[in-house]
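Chemist: After the structure tokens below, expect a handful of questions from me.
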Amino acid sequence: MAINAQEISALIKKQIENFQPNFDVTETGVVTYIGDGIARARGLDNAMSGELLEFSNGTFGMAQNLESNDVGIIILGDFSTIREGDEVKRTGKIMEVPVGEALIGRVVNPLGQPVDGLGDIETTGFRPVETPAPGVMQRKSVFESLQTGLKAIDALVPIGRGQRELIIGDRQTGKTSVAIDAILNQKGQDMICIYVAIGQKESTVRTQVETLRRYGALDYTIVVTASASQPSPLLFIAPYAGVAMAEEFMYNGKHVLIVYDDLSKQAVAYRELSLLLRRPPGREAYPGDVFYLHSRLLERSAKVSDDLGGGSITALPFIETQAGDISAYIATNVISITDGQIFLQEDLFNSGIRPAIDAGSSVSRVGGSAQIKAMKRVAGTLRLDLASYRELEAFTQFGSDLDAATQAKLNRGRRTVEILKQPLHKPLPVEKQVVILYALTHGFLDDVPVDDILAFEEALYDYFDAHYDHLFETIRTTKDLPQEAELDVAIQAFKAQSNFK
């Protein structure tokens, strides 16, 4: 049989062309150091910053330091079984978390894995934890009100949808209570809430989850928790995971309230990681980019344009101060990033004024444009009245010889302080807030004893519910005050039939 060299050559060429190599090419490296939530590895010369890397035990890490000899990695999970010499490989992906409706009502860790014992979360959607914030032209002005249900906030430091409002104060001054009450008040408001617990005790997180469940708020809330017992990388990544979940809803035209409790602990975790990765320390041993740590997080909260769905993320970040020092490094950083701050004072808290909001140091830079018209009309001078009362109260300590006008201001001020008090987990709808503040600013409480103010308030609401519910409905639907004469008649009728003369 004659062998045709040309045919053989053509056959070999065809085989080569059709050859499909089944190689899985992965760049791998070797762990050279492991400890305290970080690892170093050699051989990953092409790793990208923020890339997910997989260790031989299945744990993932994130590339943070790209150096000439090795890569500094933060480990997102258990690192107790990782050893020097273990293999670590590139994945070519960046960190993503599951997102979507399936997460609502669940308690998850910063990787999106459920920790509430209610089974797996069935969702197909994922979002990267690090994404650019919306640009200037992708945003809208804040104009829709977000009601917290707390008179002291809704009247003095109003918050709008898409705003970033810092809650700052010492430990045990009621910061978490303010945020939980704000979440409870979103029931029926078409809002999705995300509570991010950073470095909290697991028992504390359990208590907050039970509170949300008891009041029916878990039906529209996601809880993301990185407890104090977890490695620093998870505390560092938790807020970014929370806002990634929020962005999924925002870009689908929904409104989200996200609470970061608290960013001081995230900054401490980031400082710990940075020092372990041998980054140069700066002021208070924080790394040079600690401002960027918080700015890139909080800038992702926005009211986006109609082209992007018109949704919003409203952020309530917490910062814990030491001895009321709001001029500390992290505190001033976050104050400069946010659109205002609510300062909770220990002295006020201990004297029974709760929420312990210091009206003089608290401000909302953009919330005024979102405040409803009715609240603007009744609370317009409230802040000034309160400030002048505090000033006069300081003067009265030096002498008691006061003229009638000064005495009247002091009397009104004492009643204002009482009215702004509120029991825990009892947020008020805005129409009730407007009515009681109207009664206060128009002098209807001037003859009511200070000790009876809170009882007067409760009785007034019950009376209006029974006889003047249409006034509540008017405020609720029109966002404006009803006829003042009608309000005056209603309040006078209540006083006439009550024991509060």
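Placed from the backbone N, Cα and C atoms, the Cβ positions cover glycine too.
Pasting the feature list from Swiss-Prot:
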BINDING   GLY169, ASP170, ARG171, GLN172, THR173, GLY174, LYS175, THR176  ATP binding site
SITE      SER362  site 'Required for activity'
Chemist: Least buried of the recorded positions GLN172, SER362, going by other Cβ atoms within 10 Å?
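Modeler: It is GLN172 that, of the recorded positions GLN172, SER362, has the fewest other Cβ atoms within 10 Å.
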Chemist: Taking DSSP three-state, what's GLN172 (ATP binding site) in: helix, strand or coil?
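Modeler: Assignment for GLN172 (ATP binding site) reads coil.
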Chemist: Between ARG171, LYS175, which of the binding-site residues has the fewest other CB atoms within 10 angstroms in the structure shown?
Modeler: ARG171
Chemist: Fewest neighbouring Cβ atoms within 10 Å: which of the binding-site residues THR173, THR176?
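Modeler: Sparsest of the binding-site residues THR173, THR176 by Cβ contacts within 10 Å: THR176.
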Chemist: Using a 10 Å radius around each Cβ and counting other Cβ atoms from all shown chains, which of the binding-site residues GLY169, GLY174 yields the largest count?
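Modeler: Comparing the binding-site residues GLY169, GLY174, the most crowded Cβ belongs to GLY169.
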Chemist: Please report the three-state DSSP label of SER362 (site 'Required for activity').
Modeler: coil
Chemist: Using a Cβ-Cβ cut-off under 8 angstroms and a sequence gap of six or more, which residues of the chain neighbour ASP170 (ATP binding site)?
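Modeler: Counting only residues 6 or more apart in sequence, the Cβ neighbours of ASP170 (ATP binding site) under 8 Å are GLU320, THR321, GLN322, ALA323, GLY324, LEU344, GLU346.
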Chemist: Take the mean position of the Cβ atoms of GLY169, ASP170, ARG171, GLN172, THR173, GLY174, LYS175, THR176, the recorded ATP site. Which other residues of that chain put their Cβ within 8 Å of it?
Modeler: GLU320, LEU344, GLU346, PHE349, ALA356
